[in-house]
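Participant: Below you'll find the structure I mean.
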Amino acid sequence: MGAFSMLPLFYNHYGIKTDQIGLVKLAISVAEIFANWGVAAACDYLGSYREVLLASNVLGALSIASLLLPTVQSNFSLVFASLIITCACLASRAPVIDSLTLKVLADHARAASAGAQDSPPTYGGQRLWACVGLGVGALVAGWCVQNVGVRMIFVMPMLSLIIVVAILLAYLPSTVPRKTEAGTEEEGAANQLHEPEEKPLSSLMQFETCWFLINLVVYGLHMALVESFLFIYLLQEFQPSASATLLSASTAVSVVFEIFVFMGCGRLFEKGVDLQLLLGICQLICALRLFLYAALPPSHPELVLLVEPLHGITFAGMWCCSVEYGRRLYPQRHATKAQALLDILYYRVALGGGAFLWGIVLNAEVFTFRAMFQAAAFSMLVWTSIWGAGWILFAQVSAAKRTTKTTSSPMPARLPTILGSSINDNRNNKPTSLEKQQLNEPSDV
């Protein structure tokens, strides 16, 4: 699916404007929101990923095939509709793959605790294979587009989905856990020991959760400028403009560094490194990345390859922290819904809404691409300061509440068990003299 990263070439080839690109992104995001929740609910209800992935990939391949028709390619409305259908069909990829990965990792963790294997794999160690596929696909797609034509942007994903369907049929089992009164067989004692404690829906209204999710959205709004318009910037603002090979190489470079970050994040989580600290670092590096895009010389688009390694931290680091937070917030049996929530907020609400807003501003020609990258870098620094101040204020308020609760706690009616259990038991639970004094009762001694 790395060829889909080359869609800006398709937009530029057919003269689609920035506000139209933003509208496409927004409409796709809205469609994917409903598709995501439906797919997540289906997976959790069935207890199986195979059937859901098969159906979505087959429908996705058929809708991509429609984009190869000349009639569709020459009509923006038909392109608009086909892209929405395609992306809605493929919306299951991110949350289902992430939750399926977490499920497999949980199985390995149980095996490791039972002594069946030495050390379980990490999320980052598994997620990096998606980066490998994206990088290789982008490189091959760039070469094909450069030498064959723009239609290869759609031919390659269609062929990839056919291969995926064959792999699903051959290797992914269809396992639907048998339901019992207590849940499923897979949600037994092992899950109680190894899965995070289930949180009620009200946990979403706690400050920590709300502040984390708000940061995810704000972060995504800034990343939308890069994800949706970086290639358009390289194609339109540089002389000579970037080639398809250069654009695919930039994608490949970024995902290569994602691999290293995905591998390292698991070790950081095992050592207990604070998620807030990691996210703060990601935000600062994101601001630096945006500023460097604005500073690229107009005659040297190839220098973007020196900036793209920062994508490994700004995306992979942020996404690992988000998945880890979702894993801690919800138990395994709700893993798909938790990952769908993160996927919707980042990819749909933030990236989709951000692309729409950035597209309108850029099409109005009030600001140039360079000015927008500079503004985004500055606003990211401002938001990072606000976000950090919010955590500091929350820590101070929480500490004050704990102090107030400790100083205002009433005197216990009875002595603590560790001090008075044997005495009380010997007296048939009759209060002792010291207890009666505490209760202002007359003593019988």
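Including glycine, each Cβ sits where the backbone N, Cα and C put it.
Automatic prediction, not curation, is the source of TrEMBL annotations.
What TrEMBL records for this protein is below:
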type     : residues : note
DOMAIN   : 8-369    : domain 'Major facilitator superfamily associated'
TRANSMEM : 21-40    : transmembrane segment
TRANSMEM : 52-69    : transmembrane segment
TRANSMEM : 76-96    : transmembrane segment
TRANSMEM : 152-172  : transmembrane segment
TRANSMEM : 211-234  : transmembrane segment
TRANSMEM : 246-269  : transmembrane segment
TRANSMEM : 275-296  : transmembrane segment
TRANSMEM : 303-325  : transmembrane segment
TRANSMEM : 345-364  : transmembrane segment
TRANSMEM : 371-394  : transmembrane segment
REGION   : 405-445  : region 'Disordered'
COMPBIAS : 419-445  : compositional bias 'Polar residues'
Participant: Applying the under-8 angstroms CB criterion, which one of 52-69, 246-269, 345-364, 371-394 scores highest with the transmembrane segment (21-40)?
Facilitator: 345-364
Participant: Grab the same-chain neighbours of the transmembrane segment (152-172) for me: Cβ-Cβ under 8 Å, and only residues 6 or more beyond its ends, written as numbers and ranges.
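Facilitator: Same-chain contacts beyond the flanks: 1-4, 6-7, 9-10, 49-50, 53-54, 57-58, 60-61, 64-65, 67-68, 137, 140-141, 144-145.
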Participant: Going along the chain, which residues at least six beyond the ends of the transmembrane segment (211-234) come within the CB cut-off of under 8 Å?
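Facilitator: Residues packing against the transmembrane segment (211-234) from afar: 6, 8-9, 11-12, 18, 21-22, 25, 204, 241-242, 246-247, 250, 279, 282-283, 286, 289-290, 293, 301, 304, 311, 314-315, 318, 322, 325, 342, 345-347, 349-355, 357-359, 362, 369, 372-373, 376, 379-380, 383, 387, 390-391, 394.
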Participant: Six or more residues out from either end of the transmembrane segment (275-296), which same-chain residues have a Cβ under 8 Å from its Cβ atoms?
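Facilitator: Sequence-remote neighbours of the transmembrane segment (275-296) are 215, 219, 222-223, 225-226, 230, 233, 238, 265, 268, 303-304, 307, 310-311, 313-314, 317-318, 321, 324-325, 370-371, 373-374, 376-378, 380-381, 383-384, 387-388, 391.
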Participant: Given a Cβ distance threshold of under 8 angstroms, which distant residues of the chain, six or more beyond its ends, lie next to the transmembrane segment (52-69)?
Facilitator: 39, 42-43, 46, 79, 82-83, 85-86, 89-93, 96, 151, 154-155, 157-158, 161-162, 164-165, 168-169, 172
Participant: Report, as numbers and ranges, every residue of the chain located at least six residues beyond the transmembrane segment (246-269) whose Cβ falls under 8 Å of a Cβ in that stretch; write 'none' if there are none.
Facilitator: 2, 5-6, 8-9, 122-125, 127-128, 131-132, 134-136, 138-143, 145, 231, 234-235, 278, 301-302, 304-305, 308-313, 315-317, 320-321, 324
